Structure formats: C-alpha cells, structure tokens
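One structure is given here, and the rest of the page talks about it.
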Amino acid sequence: MSTPHINANVGDFAETVLMPGDPLRAKYIAENFLDDAKQVTSVRNMLGFTGTYKGKPVSIMGSGMGIPSMSLYARELIVTFGVKNLIRIGTCGGIGSDVKIRDVIFAQGACTDSNVNRARVRGTDFAAIADFDLLLNGVNAAKDLGIKAKVGNVFTTDTFYQADDTFYKDLDKLGVLAVDMETAGLYGVAAEYGAKAMALFTVSDHVITGEATPADERQSTFNEMVKIALESI
C-alpha cells in the first residue's frame, strides 16, 4: 500500500532506514555502499532504495529539507511501512567554538525554534533526544573505524538565513555544537510513533567563523559518516 508521498509496497523497506536530505545522495549511497540495491519509491523525485550491507537489509531514502518534509516521510515510513530505526545522515553548520569543519557530530539532543514538538504535548517543551542504543552503536562504530566524533546538543532551525548572527554565539555559550533543519522533527516523530531515531552529521561550514569545506572535499567526509551509520546497524 502506497502513501501520498511514497509509492512503495509494504515490505519494500527494511526496518532500518538511513535518511540523507538530498535524494541524489540516497541514490549515491545505494549505488556505492549497498549490495543488490533496488529503487522502491520515486514520488516527487524523493528517491528511496533497499539493499543489503554486509548481509543486513537496509534502506536509504531522502528526507528533503526542513522539519515538515522530514516529518511527513518519517511518519509514513513508521506507520505505513513498519520502519523501526531512522538514522539521519547529512551536513550541518558548526556552532561550537571547538567544532571544526569536517568534524563528525552525533546529535544527542536537538533544541529548536520550531513549535512542532510543543504542538505534540499541548504547548509543553519536549526534550527531543536520540535513542540511546542507536546513539551508542553509532559512537562505538566511529571509534572502531578510528574516526573522532563529537556528541552533544544541536539546534534545529526553521530559518536557514538568520537575521541576527549573534544568536549562534548565545547557543555556543550553552554548549550547542551545530545547526541543522531536521533533527528535532525526526526525534519528535519517532517518539510519537514508537520508533527509534538518531542523527549524525559532517560539519560542512561554521556559521560563526565562516570557514567552509571546499566542495571537492565534501564527498570524502560524507563517505566517512555513511560508513559510520552503516557499521552501526
């Protein structure tokens, strides 16, 4: 049975789905990391694939940009297709003073300027956090691969272009490591519908210092993050 946004059949998705924002990255991962990968959905060019990694079934599907896009795909994957584990993989902007471009970051929790999680619990702040087991498996996979990673709080925003850049300095004082646009929504959906979720990123640029990863170097650091995610399942 398909949904308005996913034209797959029940059983087409593995219990674990990796979710990059860009559907073309989903295609890249399927073609370069999975065995026997097949495309299972393509509505609005939001591509999804299922294959195996070291014999384990795994799916890859794009999430699009922002909490609304991530939330509708995550909900449909969980409710209609029986997905149990959702792992966001993507880039982020560094905030922390000790965060460098190319760093790998695990989002232990995600604060946000969106009201989406408040709406879930009648205006009450909801602590959007990663599933502990997925997080632990990810951190251990990074260690086994010899990849240093940071673990901590991130900030999920609805506004890509902030009017006041000093805002990020306030977040740095609170120990927030990085900014993205999806994680708080993903964690909220997973909590609401009884699934597990975790997000990890590579730092593509730093929103305070202005430092950025050259475009030709981004793929190699992205590959490291994908490897961590796949080894963690």
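Keep in mind that glycine also has a Cβ here, set from the backbone N, Cα and C atoms.
What Swiss-Prot records for D205 is active site, proton donor. Applying an 8 A CB threshold to same-chain residues 6+ apart, the list for D205 (active site, proton donor) reads G93, G94, I101, E211, A212, T213.
Residues annotated as purine D-ribonucleoside binding site in Swiss-Prot, with similarity to another entry given as evidence: H5, D180, M181, E182, S204, D205. For the recorded site, H5 (purine D-ribonucleoside binding site), the DSSP three-state label reads coil. Counting every protein chain shown, the number of other Cβ atoms lying within 10 Å of the Cβ of H5 (purine D-ribonucleoside binding site) is 17.
A helical conformation is recorded for R44 (phosphate binding site) in the three-state DSSP classification. Marked as phosphate binding site by Swiss-Prot: G21, R25, R44, R88, I89, G90, T91.
In this view, R218 (site 'Important for catalytic activity') is surrounded by 17 other Cβ atoms within 10 Å of its Cβ, with every protein chain counted. The feature site 'Important for catalytic activity' is assigned by Swiss-Prot to R218.
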Spatial neighbours of D180 (purine D-ribonucleoside binding site) among the recorded positions R25, R44, R88, I89, G90, R218, using Cα within 10 Å, are G90
Tell me which residues of the chain lie with their Cβ under 8 angstroms from that of S204 (purine D-ribonucleoside binding site), as long as they are six or more apart in sequence?
-> T91, C92, G93, I101, A212, T213, R218
Express the distance between the Cα positions of G90 (phosphate binding site) and E182 (purine D-ribonucleoside binding site) as a whole number of Å.
-> 10
Length of the line joining the Cα atoms of H5 (purine D-ribonucleoside binding site) and G21 (phosphate binding site), in Å | 15
